Amino acid sequence: AVVLPVVYSLVALISIPGNLFSLWVLCRHIGPKTPSVIFMINLSVTDLMLACVLPFQIYYHCNGNHWVFGELLCNVVTVAFYANMYSSILTMTCISVDRFLGVVYPLASARWRCRRYAVAACAGTWLLLLAALSPLARTDLTYAVEVLGIVTCFDVLKSSMLPSVAMWAVFLLTLFVVLFLVPFVVTVACYTATILTLLRSADRHGEARRSRAVCLAAVVLLAFVTCFAPNNFVLLVHVVSRLFFGRSYYHVYKLTLCLSCLNNCLDPFVYYFASREFQLHMRHYL
């Protein structure tokens, strides 16, 4: 009742101005729009999308977990939370792949590292997310607890959301493996190869590039470990335990879902270390 609204409020207070400023710099002051810039714009828009629905979640917890905004808005807020997390994961992976290709295979990848393909990649990730999260969008996620006189929003897991155990398995594996585990492995592999290539470089500007690459990898890894990994592991355990063993890890799940929002505060650091131009503009305005 206290921790969640406080954390959500802090995230909103930091994320909204931070990402509005980042979006302004990325759109107005950085050119040309390279693939990395396109991905960072997508990441910033995603963060602002979540920030817009955080006030509803804050009021919900301050109101004793009583949802007063109706079924549709409950679905919108829930989908926004998961879309933000998985879109951030996939976009960070795209940034890591772009950096990997630019450093390790600069000539061979030149034709692929263009704005058109970056926009297509962003569109593809959103289509994948909409398909993966469609069960949440189609289901009434509100639940009336008559004994307490409240209506909850995605606090009670409905087994009827999917028609069979097989469909639940597909849903969970899609979220955990396709949208989290595989992108995490790809991201780590790309940054490892990028840093190793820069370490072997004799370029006189190599030290600065190495430093930025290491810092970027550290920020992204921090986001994965502290923001994304806990919720994905707990969600998997919580759903399996709830559906098949009658056990619930609800409080841990809600806490890790809250922690996943902290990536919104880390993303401006991703822009800072991913773009030299963004770094210069940030230093100028600060």
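Positions of Cβ are set from backbone N, Cα and C atoms, glycine also.
According to TrEMBL:
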{"type": "DOMAIN", "residues": "18-271", "note": "domain 'G-protein coupled receptors family 1 profile'"}
{"type": "TRANSMEM", "residues": "6-27", "note": "transmembrane segment"}
{"type": "TRANSMEM", "residues": "39-60", "note": "transmembrane segment"}
{"type": "TRANSMEM", "residues": "80-105", "note": "transmembrane segment"}
{"type": "TRANSMEM", "residues": "117-137", "note": "transmembrane segment"}
{"type": "TRANSMEM", "residues": "165-192", "note": "transmembrane segment"}
{"type": "TRANSMEM", "residues": "213-240", "note": "transmembrane segment"}
{"type": "TRANSMEM", "residues": "252-274", "note": "transmembrane segment"}
Any contact, the transmembrane segment (6-27) to the transmembrane segment (252-274), with at least 3 Cβ pairs under 8 A: yes
Contact call for the transmembrane segment (252-274) and the transmembrane segment (80-105): at least 3 Cβ pairs under 8 Å, seq gap 6+: yes
Cβ contacts under 8 Å made by the transmembrane segment (165-192) with residues that lie 6+ beyond its boundaries: 82, 86, 89-90, 92-93, 96-97, 99-100, 128-129, 132, 135, 213, 216-217, 220-221, 224, 228-229, 232, 235-236, 239-240, 243
Beyond the flanks of the transmembrane segment (213-240) by 6 or more, those residues with Cβ under 8 Å of it: 85, 88-89, 92, 95-96, 99, 103, 157, 168, 172, 175-176, 180-181, 184, 187-188, 191, 194-195, 198, 248-250, 252-253, 256-257, 259-263, 266-267, 269-270, 273-274
